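Since the structure comes first, as structure tokens, the remarks are kept for the end.
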Amino acid sequence: MVQLVGSLRKELADSVSSCRVLVVGAGGIGCELLKNLVLTGFKNIEVIDLDTIDVSNLNRQFLFQKKHVGKSKAQVAKESVLQFCPEANITAYHDSIMNPDYNVEFFKNFMLVMNALDNRAARNHVNRMCLAANIPLIESGTAGYLGQVTVIKKGLTECYECQPKPTQKTFPGCTIRNTPSEPIHCIVWAKYLYNQLFGEEDADQEVSPDTADPEASWDPAQTAARAGASNQDGDIKRVSTKDWARSTGYDPVKIFNKLFKDDIMYLLTMDKLWKKRKAPQPLDWAVVQEMAYIQEEVSGQGLRDQQVLGVKGYAQLFCNSVETLRSQLAEKGEGAQLVWDKDDPPAMDFVTAAANLRMHVFSMNMKSRFDVKSMAGNIIPAIATTNAVIAGLIVLEALKILSGDLEQCRTKLLVPCALDPPNTNCYVCASKPEVTVKLNVHKTLVQSLQDKILKEKFGMVAPDVQIEDGKGTILISSEEGETDANNSKCLSEFGIRNGSRLQVDDFLQDYTLLVNLLHCEDLEKDVEFEVVGDAPDKAPPAPNVPEEDKNIANGNQDSALPSTSSKVPIEKDDVLIVDSDEEPSSSTMEAAVEMGGVKRKLEDVETGGAGSKRKRLFELPINDDDIIALD
């Protein structure tokens with residue numbers, strides 16, 4: 001391979017050779033990017049990726065070969081690149097970028113961060129970490145033949161979360177088959193399963209673990225014993241899923257046990273997968289049938305489609321739908337196929353039941369039939385050529401930044417376009433992040449506020465919530481067990497009413513958000529809350545809060561330039577930089593420090609300043625009956 005460094009002017013070539021860059025992700029885009037970086041002359045590169053190499057990666061991730069299957073993507077990518085550029089200094093991390101070890105101080109070691117991620121949660125988190133670290137980020141992504149590259153710089157451009165993103169519709173095959181982490185992964189798996197059992201079989205839509213995959217480091221002779229699979233209940237064999245199902249007469253109980261017990265037990269033998277992930281829990285049909293009724297209460301009222309059944313309910317729905325689809329297939333005759341249609345009740349019942357059972361196995365909250373139907377969509381294939389083009393554009397944008405020509409950076413879509421300025425309504429990168437939430441304070445539980453609003457909607461990791469009531473009441477604490485007794489109580493029980501304000505801090509992300517609450521009793525059916533446009537004047541100011549304490553700009557104080565203010569001109573020297581990566585990190589000035597179970601801003605740990613997490617000014621009486629156990 002020919003290096004391109006000779007074509008760069010000397011000043012730029014020196015910058016390229018000396019700067020440290022971080023590449024987050026070593027998959028489709030990451031492989032191409034690493035190759036481009038070393039051939040351009042970048043010498044000091046660090047790459048991080050949690051995943052291991054799957055057989056399905058080999059058609060486009062050219063740094064990997066069949067002999068590498070099961071090994072760390074980051075480590076193998078490093079070794080492969082060093083074969084044609086041995087003078088490069090590459091450090092590989094087989095880890096999650098959301099590990100607290102990769103904090104703001106870690107990010108500040110780099111001049112550039114280049115994103116090669118495949119999921120939104122990691123992008124959101126890294127976006128926030130780099131806002132705090134004040135590092136430029138080059139964000140990228142592909143979907144089939146479409147791709148995008150953009151530069152993010154605080155105070156000058158939009159951050160990753162300034163604009164709402166459409167629902168993600170593309171996912172790696174290994175995630176679908178082995179390590180689902182989101183409900184959509186399970187829904188896609190269930191659609192694949194429908195086609196494998198009743199529709200047109202597609203080798204790229206396999207749903208069972210691959211017995212030939214060497215990722216698991218066990219003795220093959222022990223597989224049967226460790227997985228506990230039986231020939232009677234559906235051992236994992238080298239036959240197609242449809243042929244196996246036919247051999248059982250489409251027995252729903254055998255299919256259930258194979259998918260949710262035997263296959264899961266087999267996955268558990270892949271020890272490497274579960275070292276840093278929560279392991280799945282197998283489901284056995286007989287055990288499910290013995291579950292007490294109280295575990296199977298229906299969540300939600302109203303239409304059947306909007307209810308969430310329990311495990312036992314979905315197991316029965318799975319059984320019924322398999323029997324119905326088996327009859328439909330038999331009526332069509334030998335060799336016939338069914339076509340999945342979201343408007344076909346038996347097909348939709350099957351996908352809903354299978355997806356929810358898999359969600360339960362992988363410790364996710366189950367979804368209603370309505371939610372599953374709305375989330376089911378087409379899967380867009382990954383294209384090697386698109387990855388290569390996007391990786392090339394990333395390097396071009398990096399060269400502009402190193403040349404000091406940030407104004408020449410462009411968002412690359414079908415045609416180049418100028419970078420957009422920050423969104424003045426962004427609740428992440430604004431000078432004083434603020435958002436308004438409409439909900440019913442008499443019905444919304446503290447647990448729902450934490451899980452559904454702060455974590456799921458606003459992407460926080462470990463939020464601390466204080467009510468701005470002049471007393472400093474702590475509603476939610478990120479320290480384990482400190483406020484668990486509050487979880488089952490409604491917000492109104494803490495004096496929260498229309499116009500109340502909450503200050504929410506996530507010390508890991510160095511992120512502070514002011515939440516205005518509007519009480520509403522006429523939300524649409526099955527809607528628990530609604531985020532409305534920024535409305536800071538709809539809620540009264542907090543009592544007894546000094547004016548100087550109200551500036552809660554995210555990131556360090558040097559990064560507190562109000563990027564959305566029209567009153568303060570942005571000078572060239574004042575421009576601040578944003579970076580993004582795959583995992584959460586702590587901030588420069590407010591690094592999440594855990595000492596004795598207490599998380600405080602770094603400067604306050606050192607000085608004992610007032611910025612440490614606020615103490616309760618009064619305690620609510622807690623009865624034993626109020627305490628609930630949380631997993």
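Just so it is clear, glycine is given a Cβ too, placed from its N, Cα and C backbone atoms.
Note that the structure is a prediction, hence the values are computed from the model and not measured.
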Of the residue ranges 139-170, 203-234, the one that TrEMBL records as region 'Disordered': 203-234
Recorded positions compared (C162, C174) - the one with the fewest other Cβ atoms within 10 Å: C174
Cα-nearest neighbour of C162 (Zn(2+) binding site) within the listed recorded positions, G25, G28, D49, N119, C174: N119
Fewest-neighbour residue among binding-site residues, criterion Cβ within 10 Å, set G25, G28: G28
Nearest-integer angstrom distance between the alpha carbons (Cα) of G25 (ATP binding site) and C429 (Zn(2+) binding site): 24
Pairwise Cα distance for C174 (active site, glycyl thioester intermediate)/G28 (ATP binding site) [Å, integer]: 13
Least surrounded among the binding-site residues, given as N59, S96, N119, when other CB atoms within 10 Å are counted: N59
